[in-house]
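Listed in Swiss-Prot:
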TRANSMEM  30-50  transmembrane segment
TRANSMEM  151-171  transmembrane segment
TRANSMEM  173-193  transmembrane segment
TRANSMEM  230-250  transmembrane segment
REGION    271-364  region 'Catalytic subdomain A'
BINDING   ASP360, ASP362  substrate binding site
REGION    441-501  region 'Catalytic subdomain B'
TRANSMEM  525-545  transmembrane segment
TRANSMEM  547-567  transmembrane segment
TRANSMEM  592-612  transmembrane segment
TRANSMEM  634-654  transmembrane segment
TRANSMEM  668-688  transmembrane segment
DOMAIN    694-790  domain 'PilZ'
TRANSMEM  833-853  transmembrane segment
Amino acid sequence: MSALSRWLLIPPVSARLSERYQGYRRHGASPFSAALGCLWTILAWIVFPLEHPRWQRIRDGHKALYPHINAARPRPLDPARYLIQTLWLVMISSTKERHEPRWRSFARLKDVRGRYHQWMDTLPERVRQKTTHLEKEKELGHLSNGARRFILGVIVTFSLILALICITQPFNPLSQFIFLLLLWGVALLVRRMPGRFSALMLIVLSLTVSCRYIWWRYTSTLNWDDPVSLVCGLILLFAETYAWIVLVLGYFQVVWPLNRQPVPLPKEMSQWPTVDIFVPTYNEDLNVVKNTIYASLGIDWPKDKLNIWILDDGGRESFRHFARHVGVHYIARTTHEHAKAGNINNALKHAKGEFVAIFDCDHVPTRSFLQMTMGWFLKEKQLAMMQTPHHFFSPDPFERNLGRFRKTPNEGTLFYGLVQDGNDMWDATFFCGSCAVIRRKPLDEIGGIAVETVTEDAHTSLRLHRRGYTSAYMRIPQAAGLATESLSAHIGQRIRWARGMVQIFRLDNPLFGKGLKLAQRLCYLNAMFHFLSGIPRLIFLTAPLAFLLLHAYIIYAPALMIALFVIPHMVHASLTNSKIQGKYRHSFWSEIYETVLAWYIAPPTLVALINPHKGKFNVTAKGGLVEEKYVDWVISRPYIFLVLLNLLGVAAGVWRYYYGPENETLTVIVSLVWVFYNLVILGGAVAVSVESKQVRRAHRVEIAMPGAIAREDGHLFSCTVHDFSDGGLGIKINGQAQVLEGQKVNLLLKRGQQEYVFPTQVVRVTGNEVGLQLMPLTTKQHIDFVQCTFARADTWALWQDSFPEDKPLESLLDILKLGFRGYRHLAEFAPPSVKVIFRSLTALIAWIVSFIPRRPERQAAIQPSDRVMAQAQQ
């Protein structure tokens, strides 16, 4: 390069060009790219007057106007990138100038939109105020009960007839489109309206569209002339029918959540009943169990009416010694049949309380647990069971591996936040094995905890309901525990739940037998159907491959009609679920959860349907560590297989697009879009299988709690506790931190009007942020510390309202990012031979993306970018 430039150019220009070449090389450009960059520079100086002030201003704004082009490290096709970006800048600049006045009119539309939203937000309250006088009046009050029931029956009958006509009426494409526009317009009108009316209206609209879709699928979309297409189409129709049934049952289940509130206890404590607290354990570490016992000892309940029992199925001497030391009862079985259910039933022979509260050994109850739950038992004598949420202060594998802890609702939030509350409306609340209180008399009547299935909790509540007893659910978290530490343990737990619910379906089917109301039967049925999602989910993940690989028409209809039926069905269901479930499950996350579990719950549920007695009980491990970040290749193997299968479908789809019949082009495009969506979801499943490092034995809990620290010299400083664990705390001193690392200080915390002192040592000081490690505590101090932290009545209730509002489009974008993240992890942890393929694909995608124009960075707005571009056009 140097010799050639000296031969062709005068010395000053040659030296300048050589200096530029060396600069390119220092910034990482290859010799070819550096030489080509110099050549493009020469041509640019020849063609354009780059020394002119106008061009100098453009060059000064290079980073803002051309953010994706590195001028210090040229690439061979940079001129093409400059050309595309310049045309883009000219286009958006002229568009902005042309449409600037119109935005003022759009501001008026925005103002009208804001007023409409305000009007809709206040509509329910205005209607309530206008109709208050009607609450005491009954339009049909002069009629007998029989006449009123007859009129209601006539109304329901005519409504069903109209609904049937609406669902089954065939439309041509234009009529179907207009019908959908009307429904969509109504949905957009009511979706922002607060209160339950809007949710009910959205459910009606969603059911209308979905029922029309399923009717159309059964009557118009099966190819009876092609056996392969017929078989594949029936398989997909089976999965869609399952999804439709779950959708309908789900709407019924949560249509009117009860939101039960506590009932005050009698002021006279002598009327309070006796309670036994059971803490069953098998192979958990003693440190996991201690906090639960310490919290139980501090529950606000008369000590002579409270007995705490450690039910140790491991028969460990350390647990016996601990129980004796803290003053609680200890029971160890000589035989271990029926696992946890047998352990509890054995303890029932020894305990004599009127009620029994059950906590898993890692679930730490709050001090208010019994005061919040027991009032309902005294009010309703037929109430047999009160369930509270299972709240977790540690992230589950989805939250930890994806970095979403306390950013999006976790997998269980929907069940404990909405579904159980909806069940409560229909008197169908399930016993969940922990964080619950059961009345002894009904429990003894059914022979104790059910032992016939591995989900003894749900089966027990089913038996109680069959006996005519009621159940209740209170959505306020009154205990918190440890989530599963690894994805494999999480999947193992879900396998047990799935198999157990299917066992109940086979052995004690809620649809049959006496004692249950129709609503209870439907709620139990939906719970069992939920765990049968494995096979339908796998069908959805592979369905488009039937056409791409086998040329089978799984939906035998024109692409236009498919779009007019499928898209509204999905959009209305998503919109309705976002309205109903938004606080508890963000849009599209169910796809990730079900995909991760599908492969693993499909075989055991299928086996349980055939042979419900096959299989064994497994205990979910808690409190483990993940020493290093790694991909669980065993768990992720099915996802990778499905990814490869879908990539094969992409290749087949590309071939069909270019070489297949022209009349199938739209069908190929629709199938490829479906495949790409499946690949995104599978990428998310792969991302979950990358186990993040977890080296803390004691999980930190975020909180905002006032406190104080006292130095040994007597100086006192107020502070705010922002996190705590079983071994230490993080605090923020209100003012300048006047403590040193290694210094011993006392931490002062309040519970009610009582103040407690805990010895600590400073282990970290960063500004006014201080890390404290607890010094060895006495048993009394440890109990007090748990009472001031884990067992505070308000610790967990504040977490429920901390999640952001669900926005379906933003949630979809999160899922897309998550899918790409999964493939990036595959490239990161793959064997060297596979890494080459991933790196090549990544490089190819990055090269293609580098040509896409970008919006100018914000710095360009500081300079008059429109004027600069106008100068470039001159």
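Every residue gets a Cβ built from N, Cα and C, even glycine.
As the structure is a computational prediction, the values presented were derived from the model and not from experiment.
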(request) Using Cβ-Cβ distances, find the residues under 8 Å from ASP360 (substrate binding site) that belong to the same chain and are at least 6 apart in sequence, listing them in sequence order. (result) VAL279, PRO280, THR292, GLY433, SER434, CYS435, GLY481
(message) Using Cβ atoms and a strict cutoff of less than 8 Å, what residues sit near the transmembrane segment (525-545) while being 6 or more residues removed from its termini?
(response) 232, 235-236, 238-239, 242-243, 245-246, 249-250, 252-253, 430, 458, 497-498, 501-502, 504-505, 510-511, 554, 594-595, 597-603, 605-606, 642, 645-646, 648-649, 652, 671-672, 674-675, 678, 681-682
(request) Using a Cβ cut-off of under 8 Å, list the residues of the same chain at least 6 residues beyond the transmembrane segment (668-688) that approach it. (result) 397-398, 401-402, 487, 540-545, 547-548, 559, 562-563, 591-592, 595-596, 636, 639-640, 642-643, 646-647, 649-650, 653-654, 656-657, 660, 815-816, 818-823, 825-826
(message) Per DSSP, what is the helix/strand/coil residue tally across the region 'Catalytic subdomain B' (441-501)?
(response) 31 helix, 7 strand, 23 coil
(request) Let me know how many other Cβ atoms fall within 10 Å of the Cβ of ASP362 (substrate binding site). (result) 25
(message) Below 8 angstroms Cβ to Cβ, which residues of this chain, lying six or more residues outside the transmembrane segment (547-567), approach it?
(response) 173, 176-177, 180, 212-213, 216-217, 220-223, 226, 228-229, 231-233, 235-236, 648-650, 652-653, 656, 666-672, 675
(message) Taking DSSP as the reference, which of helix, strand or coil describes ASP362 (substrate binding site)?
(response) coil
(message) Checking distant contacts: for the transmembrane segment (230-250), what same-chain residues at least six beyond its ends satisfy Cβ-Cβ under 8 A?
(response) 206-207, 210-211, 213-214, 217-218, 221-224, 522, 525-526, 529-530, 532-533, 535-537, 539-540, 543, 546, 550, 552-556, 573
(message) Looking only at the region 'Catalytic subdomain A' (271-364), what is the model's average confidence as pLDDT?
(response) 93
